[in-house]
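*Asks:* Structure incoming, see below.
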Amino acid sequence: MQFAQVLVDVPTMQTDKPFTYQVPAQLAGDLKLGMRVIVPFGRGKRKIQGFIVGFSDHVDFKGPVKPISAIIDPNPVVNDEMLKLSAWLAQTTFSFRISCVLTMLPSVMRAKAKKVLQRTDGELPAALQALFGDHEQIEFDQAALSDEQTKLILKAVQAGQLSVDYVVKNHAKPKLITKVQAHLGQPQLQKILDQVAKNAVAQQKLLRWLIDHPKDAIAQPTLIKTLGINASTIKTAAQKGWVTQSTVEALRNPYQKPIQKNYPLQLNADQQNAVDHIADSIHNDNAKVYLLEGVTGSGKTEVYLQAMQKALAAGKTALMLVPEIALTPQMVNRVKGRFGNLVAMLHSGLSMGEKYDEWRRIDQGDAKVVVGARSAVFAPLQNIGIIIMDEEHDSSYKQEDTPRYSTREVAKWRGQYNHCPVVLGSATPSLESRARASKHVYELLMLPHRINNQALPAVHIVDMRNEMANNVTSDFSQSLVDAIKLRLARKEQTVLMLNRRGYSAFLLCRDCGFVLKCPNCDISLTVHLKGHQMQCHYCGYEQPIPNVCPNCQGHHLRTFGTGTEKVEQELNQILPDARVIRMDVDTTKRKGAHEKLLARFGSGQADILLGTQMIAKGLDFPNVTLVGVLNADTSLELPDFRANEKTFQLLTQVSGRAGRADKAGSVYIQTFNPDSQAIQLAKTQDYEQFYRSEMRLRHLANYPPYFFTIRVTASATYENQAAGTIYQIANFLNGALTNRNIILGPTPSAITRVNNKYYYQLIIKYKHEPNLQSALETVLNKYQSATRHGIYISIDPEPVSFM
Ligand SMILES: Nc1ncnc2c1ncn2[C@@H]1O[C@H](COP(=O)(O)OP(=O)(O)OP(=O)(O)O)[C@@H](O)[C@H]1O
Ligand SMILES: [Zn+2]
Ligand SMILES: [Zn+2]
């Protein structure tokens, strides 16, 4: 008798371990690790899905062991690496293992998608032949099959005679197309061509094409169009045995437009040194972590590309992570242009079907290079030779929902598993990474100069207090306006950034001081001029902009704060001839909009690119010689110990967009805090100096990277429940942990109420805490049990902010 350990899809504490089920005798030996099955669960007849995570030939458990009811996939959906990774992830992020497994799968496979078996080639056993009849594909529904049939199907899938597809509802089936290919050799075709009737023009065209393209399989519609022939010519050719026609799957290709091919550049000495070191680790299966610290425009991307090339040349695969890929189309084009069809993309801009297609290309080994945002770190690549994380300091690499993983830590885990190097790259590394490089946990590789030794742009700090004193209420200082005018005259381009982190336009009554807030959250509503709406950025609540004050019925409602829309209007008044492209969440909502706007700017159809933080990173436009930051202060004012770090990173990144090619660049930073350290250091863009001075502050205040941090949050419908629970947890932790750590709080979270739930939190700062894991597991068990209804505890290791 064979037994299987099944991880059931019930995310609770009590079910967070595998349960044992009987494998039906007929199927013994044919089930595989990582397959999904349906099992009976609990009392009653409830049937749920689960993943097979182990096998055994005996059970220690006394009492009846229920059998597996059905199998969902005739193929494993998670491999050995992912199973192990899920166990580690569950432990380190304090989440359920089943949630971790589900996080790794494309959403199509999380939903109840239809599964289709597709014949590939070769004869099927008679019993299956009968099942298919003359269909090329049938739906796989194990409930309707006998165990014998199931067994045969599993074997056929193993043998590659059948392939498995998940059908997304609105994409019905994988798209099928007919391909045509020469069936005879060139000499034979030539002989036939010499013999065909002189007036059989279409046949001659076809034969000539086949002679010129002996190996190509071409889509039939394309062939018809190229040659100007019709389908009957091809049909006749197939009957005569000149060509073969085959039906293949057309994958939905998310990058239809042709991408220009590019070739390896001649590296400079620093780049070459970096590639050599990384290549060394690739060839020696060394799971080393490198920190590639290179100033803006120093050619980090070329280092990534050539390092990936080394991995491919060694017969391995490459994984490249970028912040949010939709934000860096230029990067995508560079990688696609270099590696062509070997590249698969994974990012949030793809439809469910497109994502699944890409995932499967990776899973089947057709894609050798994966480029993607955060969740791509789980791409089912095998035999990885290098993992790259571009802009490693970016906060989008932290997952904010369960499982609250750090992409960097997952990347490092996979580096260990695959025995391959991990390259963390940035002009402004996170303090955590830079500190590890100092301690030689990571190896530091530097690119201290821009390509062609171009100078970093000259940064001017504009003191907005003076502008205000001169009674100017504009968002633009005179010096910035003059600088833009100069660029317009020289036909050069300008990038303007409005820093909107934690900052947006709100509505205030000048009579009574009332601020319009969200009814569900403790946060003011944001004014959206377009559509004339007030919006909550936390829960999505919307209402029209009121004409009278809801509090005093007064008529003096005024918008405070600024937004990109308002700045754009002002820009049009000051510089009516300038062509402006605005880039923010509103103008980039539609699929592909972001890329289109950047392409327009890149081809010189605009003079000014005005946008939020989304324009700060990665852009490489040679004609940009001026960068303006309209308000550098907002991210400084946040009650967050990383405020300095984030401001310095942002200002350095955005400054780096100027003067990247042969023309020198300059930068104007408008601020009310010209003397603050982050702004002064951003002036020289000297990361190393910033690192040293910020580390001193962190040391004095016992903050990361000197301490590790964990946030525990309790949320509930009633404020007293949330507050009461977090105080109980604090008491418990004070007893359970050693006194070598520091507990901050409990306090209400920065926004105490979101979507009608109250949030209270505490933060643990620790260096070595032997009791941490068990204490926190107890917290989850004790304070989030079924008896404590409606109270939810979340544990966030290394939160990106303390708010
Ligand atoms: N060895 C080289 N020779 C010539 N040009 C190069 C070389 N390496 C890179 N470049 C070019 O220099 C420019 C800047 O490189 P890249 O965009 O990779 O910089 P980066 O370090 O990623 O910058 P950032 O951090 O600002 O995004 C690009 O246009 C790139 O094509
Ligand atoms: Zn809200
Ligand atoms: Zn009022």
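Yeah, the Cβs are placed from backbone N, Cα and C, and that goes for glycine too.
Since this is a predicted model, take the numbers as computed values, not measurements.
What TrEMBL records for this protein is below:
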| type | residues | note |
| --- | --- | --- |
| BINDING | C509, C512, C549, C552 | Zn(2+) 1 binding site |
| BINDING | C518, C521, C536, C539 | Zn(2+) 2 binding site |
| DOMAIN | 281-447 | domain 'Helicase ATP-binding' |
| DOMAIN | 544-701 | domain 'Helicase C-terminal' |
*Asks:* In the same chain, outside C509, C512, C549, C552, whose C-beta lies within 8 angstroms of the Cβ mean position for the Zn(2+) 1 site?
*Replies:* R510, D511, G513, F514, P550, N551, Q553, G554, H556, L557
*Asks:* Between the binding-site residues C509, C521, C536, C539, C552, where is the Cβ count within 10 Å the lowest?
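*Replies:* Selected from the binding-site residues C509, C521, C536, C539, C552 on minimum Cβ neighbours within 10 Å: C552.
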*Asks:* Under 8 Å between C-beta atoms and at least six apart in sequence, can you list the same-chain neighbours of C512 (Zn(2+) 1 binding site), or say none if there are none?
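*Replies:* C512 (Zn(2+) 1 binding site) has long-range Cβ partners C549, N551, C552, G554.
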*Asks:* For C509 (Zn(2+) 1 binding site), name the DSSP secondary structure in the helix/strand/coil scheme.
*Replies:* strand
*Asks:* Please list, in sequence order, every residue of the chain apart from C518, C521, C536, C539 whose Cβ lies within 8 Å of the Cβ centroid of the Zn(2+) 2 site.
*Replies:* P519, N520, I523, L525, H537, Y538, G540, Y541, V754, N755
*Asks:* If you check the binding-site residues C509, C521, C552 one by one, which have a CB less than 6 Å away from any atom of ligand 2?
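*Replies:* Passing the 6 Å Cβ check against ligand 2: C521.
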*Asks:* Between C518 (Zn(2+) 2 binding site) and C509 (Zn(2+) 1 binding site), what C-alpha distance do you get in Å?
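*Replies:* Roughly 16 Å, rounded to the nearest whole number.
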*Asks:* Taking the binding-site residues C509, C512, C521, C549, C552, which residues show a Cβ-atom distance to ligand 3 below 6 Å?
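*Replies:* Those binding-site residues that pass the cut-off, since their Cβ is under 6 Å from ligand 3, are C509, C512, C549, C552.
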*Asks:* Please work out the mean pLDDT for the residues of the domain 'Helicase C-terminal' (544-701).
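*Replies:* Across the residues of the domain 'Helicase C-terminal' (544-701) the model's pLDDT averages 87 on the 0 to 100 scale.
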*Asks:* Based on Cβ atoms within 10 Å, give me the single least packed residue among the binding-site residues C518, C549.
*Replies:* C549
*Asks:* About how far apart, in whole Å, are the alpha carbons (Cα) of C509 (Zn(2+) 1 binding site) and C536 (Zn(2+) 2 binding site)?
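*Replies:* About 18 Å separate the Cα atoms of these two residues.
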*Asks:* Kindly assign C552 (Zn(2+) 1 binding site) to one of the three DSSP-derived states: helix, strand or coil.
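*Replies:* Coil, per DSSP.
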